[in-house]
Amino acid sequence: LDCHYMPCHAGWVGPTVPLCIYGFCSMMRPIEPFMTEFLTGTYKNLTTEQVTRQVYPVWTYSSLILLVPVLLVTDFLRYKPVIILQGLCYVTAFLLVLVGSGVHSAQWAFFSYSIATAADVAYFSYIYSVVQTSYYQKVTSYVKGAILLGYAVGALLGQLLVSVGGVSLFCLAFITLISVSVALMTSFFLPRPQTSLFLRGTDSVQQRSSGEDSQDSESQYFFMWVKTAAKHVGRMFRRLALDCKECYSSVAVLFFCIWSATGTCGFYQVTEYVQLLWIYMQPHNFTAYNGGVDSISTLSGAAATVAVGHMSLEWAVWGELVLGSFTFLIAGALFLMDLTDNIWISYTCFFIFKTVFMQLSTICTFQIAKTLNRERYALVFGINSFVGTVLQSVLTAIVISTKSLNPLMSFQFLIYASFFVAISLLFTVRGVYTVLHMKHSAGGNQAERASNLPEASHVCGGNSYT
């Protein structure tokens with residue numbers, strides 16, 4: 001029996017429906033593909049250099065600082081309060097974008113936005129604490145699908161309103177504010193989990209203490225609660241350290257985690273600054289097709305991820321080589337984006353980049369997930385996100401260090417392309433080694449065709465957080 005979920009009168013549907021509505025509305029942001037043009041246009045009158053050096057880096061650096069505290073607080077508060085906080089921060093961020101003026105207002109908007117993105121862990125973890133394990137695969141597909149659909153609809157809606165309806169970017173920002181406000185209101189209808197995935201021992205001890213000494217004063221009870229929680233947090237940290245050592249001791253898991261961290265880092269860097277590149281190519285082009293490209297590439301990437309799930313391939317043998325080969329395609333697309341002055345070629349390259357990345361990210365996700373105990377899934381992917389954010393901060397510091405803006409745009413995407421070339425070389429070499437090693441082992445003994453990943457399942461499938 002699953003003892004860590006909260007029974008719901010509507011089964012898995014009850015919490016999943018409002019969560020999917022929240023995910024869709026929070027990501028349905030028509031202004032986002034045009035955010036750079038909105039900030040640098042007549043509405044906010046910021047310069048491109050101010051946006052590049054003073055505004056966008058706030059999101060990167062703030063995310064680095066906030067990620068770990070939010071991860072720990074999320075589980076301790078049992079997810080729902082953090083989801084509400086995320087919705088509130090989205091509303092605050094886009095309200096500041098809409099009515100604020102000047103660099104400082106934009107910086108506060110992106111700081112609020114960084115809190116919201118750091119709280120993504122609550123959105124993706126919440127559902128596992130309120131439904132049974134047998135529904136995990138189903139509800140995961142729904143909550144992730146809601147995110148992708150919301151982003152694609154928002155981008156497409158923004159593009160149609162701008163190109164066909166002649167709607168101003170200010171109206172897109174207002175529609176975005178309405179959408180995230182609906183998400184915030186929806187978050188209040190989420191049922192709250194009664195137990196924590198990591199700190200469930202804390203709750204049982206709390207209940208025993210309350211039953212044994214119901215006559216204690218409120219202050220004494222609070223003191224006992226804090227003391228008990230601190231004890232279990234300490235135990236959790238010790239267990240996390242042990243689990244990290246065990247899970248990352250598998251070379252196969254380690255390499256997929258490396259791609260997950262480095263690939264995600266590069267993806268967020270490119271998507272964050274690609275609008276600046278397009279403005280540099282076509283200054284003051286109000287009818288740019290940024291939203292359409294974003295929408296189509298998101299839907300294409302979603303289709304690619306579904307296709308990967310139905311491919312029959314020995315991923316344990318060929319997975320690393322596939323990652324290396326297709327990462328080289330990503331690097332080639334970025335090199336071409338750096339070299340070309342044609343906006344349509346750049347759009348096409350971005351389409352290839354985003355589609356291939358989402359496909360490779362899916363490969364990494366299920367290769368890592370199938371080797372781990374479910375309670376270690378959040379740990380490993382949380383660490384991967386943190387490492388990726390650290391690398392993203394380093395890349396941001398490098399690319400904004402140039403003196404002038406025009407060399408910056410060329411230099412920036414050259415660095416990103418080189419970054420993915422390095423990843424490609426690493427995984428191609430590793431993939432060739434893995435294939436040769438597996439084929440050699442299969443020639444000697446058919447039973448040894450099992451890869452390091454099943455071995456990692458033995459390594460990482462043991463203890464659970466208590």
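Cβ atoms are placed via backbone N, Cα and C, with glycine included.
Features as listed in TrEMBL:
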type	residues	note
TRANSMEM	58-77	transmembrane segment
TRANSMEM	84-104	transmembrane segment
TRANSMEM	110-130	transmembrane segment
TRANSMEM	142-161	transmembrane segment
TRANSMEM	167-190	transmembrane segment
TRANSMEM	247-269	transmembrane segment
TRANSMEM	289-308	transmembrane segment
TRANSMEM	315-337	transmembrane segment
TRANSMEM	343-366	transmembrane segment
TRANSMEM	378-401	transmembrane segment
TRANSMEM	413-433	transmembrane segment
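Within the same chain, the transmembrane segment (58-77) stays apart from the transmembrane segment (315-337): fewer than three Cβ pairs sit under 8 Å, each pair at least 6 residues apart.
Proximity of the transmembrane segment (142-161) to the transmembrane segment (315-337) is not established, fewer than 3 Cβ-Cβ distances being under 8 Å for residue pairs spaced 6 or more apart. Recorded stretches compared: 84-104, 110-130, 247-269, 289-308, 413-433; the one with the most Cβ pairs under 8 Å to the transmembrane segment (343-366) is 289-308.
Scored on C-beta pairs under 8 angstroms, the neighbour of the transmembrane segment (413-433) with the top count among 289-308, 315-337, 378-401 is 315-337.
Sequence-distant contacts of the transmembrane segment (378-401), counting only residues of its own chain at least 6 positions beyond either end whose CB sits under 8 Å from a CB of the stretch, comprise 52-53, 56-57, 60-61, 63-64, 67-68, 71, 121, 125, 197, 240, 243-244, 247-248, 253, 257, 260-262, 264-266, 268-269, 273, 365, 368, 372, 408, 411-412, 415-416, 419.
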